[in-house]
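Participant: Provided herewith is a single structure, encoded as structure tokens, for subsequent inquiry.
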Amino acid sequence: MGTSGAEHLRRIVEETDWYNGIVLDAVVPGGAWKRLPRPLQSWLRNYIGVTALYLVSGFLWCFYIYYLKRNVYVPKDSIPSNRAMYLQIIVAMKAMPWFCVLPTLSEYMAENGWTRCFASVGEVGWPAYFVYLTIYLIVVEFGIYWMHREFHDLKPLYKYLHATHHVYNKQNTLSPFAGLAFHPLDGILQAVPYVIALFLVPTHFTTLILLVFLEVVWTANVHDCIHGKIWPVMGAGYHTIHHTTYRHNYGHYTIWMDWMFGTLRYPEQEFKKAD
């Protein structure tokens with residue numbers, strides 16, 4: 001690899017070191033974490049960061065919509081019980097160590113130059129950055145749509161993996177904490193398109209890290225049962241239908257894949273049926 005390539009990888013390594021320092025220096029005294037192998041450092045940072053974001057964002061959002069805004073966003077009889085939310089947290093916490101393996105693997109491959117990640121927007125320019133990001137997200141959206149759909153179409157996958165998440169099939173059993181309440185292998189497989197896309201599309205490394213943490217917030221949001229009505233976003237109004245019909249709205253960030261492949265159902269359709 002030429003000098004420019006070596007510099008490119010050095011900057012990615014320095015960036016992950018910086019992230020590790022921010023998180024791990026705060027929780028591991030004396031810099032003891034620096035003696036760990038690099039992949040373990042990244043895994044530990046991801047585990048601490050994702051767990052903290054999941055719990056803090058979940059508690060704050062639940063407090064806001066279920067208590068401060070009680071009966072405003074969610075009817076009283078649709079608010080999940082504290083026990084239901086507690087059980088969702090338990091499922092998520094059991095899976096969390098495994099969920100953090102995939103982003104750690106992605107970072108390791110990026111540090112070693114095995115992906116198409118780039119360290120700085122300056123390497124490609126802002127116009128190319130936005131084009132690449134758009135293509136990356138389309139590839140991810142396509143991959144997650146079909147991965148999620150196959151978890152429903154292939155009965156063994158549903159029975160042994162995805163059914164863990166679909167225990168939450170009514171509005172009063174769904175909460176922001178259900179967002180990561182998956183069987184570990186289910187959660188990992190649905191995130192695989194994020195990794196595959198790294199080999200296909202040039203991807204800004206910092207943006208990749210941000211997407212990992214955005215995912216935590218996003219999954220909480222789409223399980224709060226509040227219809228945001230922001231087209232073409234696959235918000236909670238759409239995803240709640242997925243949890244009740246099992247055959248619609250498999251998409252991730254947008255409704256486009258469901259529209260293209262004939263599985264889209266609009267929340268407005270459900271409201272008309274309810275009337």
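Just so you know, glycine gets a Cβ as well, placed from its N, Cα and C.
Note that the structure is predicted; figures quoted are calculated from it, not measured.
So TrEMBL has the following annotated:
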TRANSMEM  44-66  transmembrane segment
TRANSMEM  86-105  transmembrane segment
TRANSMEM  126-147  transmembrane segment
DOMAIN    134-263  domain 'Fatty acid hydroxylase'
TRANSMEM  191-214  transmembrane segment
Participant: Which sequence-distant residues neighbour the transmembrane segment (44-66)? Criterion: at least 6 residues beyond either end, Cβ under 8 Å.
Facilitator: 19-20, 23-24, 27-28, 33, 36, 72-74, 79, 85, 89, 92-93, 96-97, 99-100, 103-104, 175-177, 179-180, 212-213, 216-217, 220-221, 224, 226
Participant: Let me know the model's mean pLDDT on the domain 'Fatty acid hydroxylase' (134-263).
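Facilitator: For the domain 'Fatty acid hydroxylase' (134-263), the model's average pLDDT rounds to 94.
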Participant: DSSP helix, strand and coil counts for the domain 'Fatty acid hydroxylase' (134-263)?
Facilitator: 85 helix, 4 strand, 41 coil
